[in-house]
Amino acid sequence: MASYDLVIIGSGPAGYVCAIRASQLGMKVAVVEKRATYGGTCLNIGCIPSKALLHASEMFEEAGHGLEKLGVKVGAPKLDLKAMMAHKDGTVKGNVDGVAFLFKKNKIDGVIGTGRIVAPGKVEVTPETGDKQVLEAKNIVIATGSDSTRLPGIDVDEKRIVTSTGALSLSKVPGKLLVIGAGVIGLELGSVWARLGAEVTVVEFLDRILPGMDGEVAKQFQRMLQKQGFTFKLGSKVTGVDATGKTLKVSVEPAKGGDAEQLDADVVLIAVGRVPYTEGLGLKEVGVELDERGRVKTDDHYKTTVDGIYAVGDVIVGPMLAHKGEEEGVAVAELLAGQAGHVNYNAIPGVVYTRPEVASVGKTEEELKEAGIAYVTGKFPFSANGRARAMNATDGFVKVLADAKTDRVLGAHIVGPVAGELIAELTVLIEFGGSAEDLARTCHAHPTLSEAVREAALAAGKRAIHI
Ligand code: FAD
Ligand code: NAI
């Protein structure tokens with residue numbers, strides 16, 4: 001029986017990063033993965049393919065509309081969807097091969113097959129073909145991730161009624177795409193297909209988009225998406241999809257009750273959240289408890305209810321984000337090596353990779369109000385930023401929220417060009433416990449978009465220069 005210091009089940013961002021860190025710290029490590037390639041949801045069917053399509057579709061749209069305003073005439077662009085999908089597939093391959101290379105480099109054993117914990121310290125691996133084997137481990141980390149939430153009574157075929165997985169591989173641009181859920185997946189993948197020519201309608205249960213993000217940002221962003229052609233049906237729910245005819249007939253009702261209407265669609269994308277994935281792991285039998293939402297229960301050090309079994313990533317509490325899982329993977333490896341692994345959950349950025357991007361870190365205004373924390377707000381619009389004007393990308397703003405007494409930055413929210421990159425400096429600031437004044441006094445290169453971030457910090461002290 002092969003014997004290891006650490007066996008990790010799942011090779012997504014939480015699992016593979018944990019494996020590399022544990023190996024760096026001297027542990028003998030195996031990673032069990034049931035998919036044929038490493039990298040989990042993120043690399044195979046999540047972050048990476050979606051960003052490849054977001055970028056490619058943005059270029060397509062830019063060629064059609066944006067470039068002319070800059071004096072670049074290229075004629076009407078032609079879509080080659082097959083080539084776009086090949087770009088996406090190539091991007092995925094490069095990334096998953098990269099993880100396999102990193103396993104080799106770090107002397108990590110990758111084992112393809114489905115893992116099941118048969119006892120503390122023992123993981124049985126069942127490959128699709130061939131013999132089962134049992135791996136012995138001093139410690140086990142569960143990093144099995146999550147799966148798309150389904151809606152009762154609506155059968156997914158991944159062709160016409162799809163989750164994000166099907167929406168990443170449609171064989172043609174749908175005339176009408178109906179998205180259920182105005183969260184991150186709905187808006188990102190809705191954007192991809194809208195740019196390629198689909199008419200996109202988003203049905204959202206709540207009366208706002210992007211729940212959890214700053215309300216003011218979400219409101220402005222919704223207007224921007226509407227300008228791009230999105231139709232939103234907020235405060236509404238889908239009660240059924242009739243797939244018997246050539247066109248899907250979608251029944252939509254007000255969330256609070258009322259008259260139903262029927263909408264036509266060529267494709268329906270279900271994007272109503274994700275659920276932790278623990279199927280077939282044998283958790284109940286070994287005594288690993290789940291919480292009320294099916295997540296593996298852990299203590300602050302990622303230990304489950306059973307000694308020697310830990311869990312990280314989407315399968316435990318917290319935002320379902322790749323970088324959150326990576327941080328936890330590193331932390332648990334360091335804890336197992338006797339070090340002080342730690343994750344600062346206050347400094348985990350969230351980014352929506354649309355155009356413009358939306359990015360956020362720390363507390364929202366709503367959260368600060370609810371907690372009764374007095375704060376000051378500094379805001380700066382991209383329309384007053386020289387670089388944004390030069391780029392013809394002036395939609396949006398930066399908002400910095402600082403403690404009214406201490407000036408410590410508690411949250412930051414951006415909607416605008418490359419918001420996902422700009423948020424990094426605010427994340428570092430929050431990680432270091434920095435103040436708005438610290439940021440305001442830091443010299444920023446001119447002309448850059450990051451000057452808008454600095455100006456928002458200046459505005460928090462009522463001394464912005466350019467507004
Ligand atoms: P996963 O990546 O889900 O990996 C778990 C792995 O475990 C899987 O490969 C699975 O096959 C394997 N597994 C499960 N059970 C077993 C078993 N019994 N035996 C062996 N293997 C098993 N997050 C971001 O931060 N940024 C983004 O831009 C982003 N975009 C996304 C876009 C889409 C369309 C989707 C669906 C998600 C996106 N996410 C994004 C979320 C991100 O993918 C997840 O947060 C991340 O993958 C979670 O990592 P994980 O390691 O916990 O789990
Ligand atoms: P989500 O939680 O972001 O959004 C789901 C939306 O669906 C919510 O607005 C919710 O109110 C709505 N909803 C729920 N039930 C509904 C119903 N029956 N009818 C209508 N609306 C309903 O979930 P999403 O978009 O599926 O993404 C899943 C996870 O993947 C997220 O947690 C996200 O963190 C992660 N992800 C992250 C990305 C990023 O970081 N850029 C990109 C894509 C996904």
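Backbone N, Cα and C define each Cβ position, glycine as well.
Residues annotated as active site, proton acceptor in TrEMBL: H446. For K51, G115, T144, G145, S146, D314, M320, L321, A322, H323, the entry in TrEMBL reads FAD binding site. The NAD(+) binding site annotation in TrEMBL covers G181, A182, G183, V184, I185, G186, L187, E188, E204, G273. Residues annotated as disulfide bond in TrEMBL: C42-C47. Per TrEMBL, the feature domain 'FAD/NAD(P)-binding' maps to 4-329. Annotation comment: TrEMBL describes 348-457 as domain 'Pyridine nucleotide-disulphide oxidoreductase dimerisation'.
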Going through the recorded positions M320, A322, H446 in sequence order, which have a CB under 6 Å from an atom of ligand 2?
-> M320
Among the recorded positions listed here (C42, L187, M320), identify the one with the smallest other-Cβ count within 10 Å.
-> M320
To the nearest whole angstrom, what is the C-alpha distance linking L187 (NAD(+) binding site) and C42 (disulfide bond)?
-> 17
Take the C-alpha atoms of G183 (NAD(+) binding site) and M320 (FAD binding site) and report the distance between them in angstrom, rounded.
-> 12
Comparing the Cα of the residue listed as 'active site, proton acceptor' with the Cα atoms of the recorded positions C47, K51, E204, the shortest distance belongs to K51
Candidates T144, G183, E204, H446 (recorded positions) with CB under 6 Å from ligand 1, in sequence order, are T144
Whole-number Å distance separating the Cα atoms of C47 (disulfide bond) and M320 (FAD binding site) is 12
Around the Cβ of C47 (disulfide bond), how many other Cβ atoms lie within 10 Å? Please give the count over every shown protein chain.
-> 21
Tell me whether L187 (NAD(+) binding site) sits in a helix, a strand or coil according to DSSP.
-> helix
How many helix, strand and coil residues does the domain 'Pyridine nucleotide-disulphide oxidoreductase dimerisation' (348-457) contain under DSSP?
-> 41 helix, 33 strand, 36 coil
CA pair G181 (NAD(+) binding site) / M320 (FAD binding site), Å rounded to integer, equals 16
In the domain 'Pyridine nucleotide-disulphide oxidoreductase dimerisation' (348-457), averaged pLDDT is 98
What does DSSP assign S146 (FAD binding site), in three states?
-> strand
Filtered by Cβ under 8 Å and at least 6 apart in sequence, the residues in the chain of A322 (FAD binding site) near it are G12, P13, C42, G46, C47
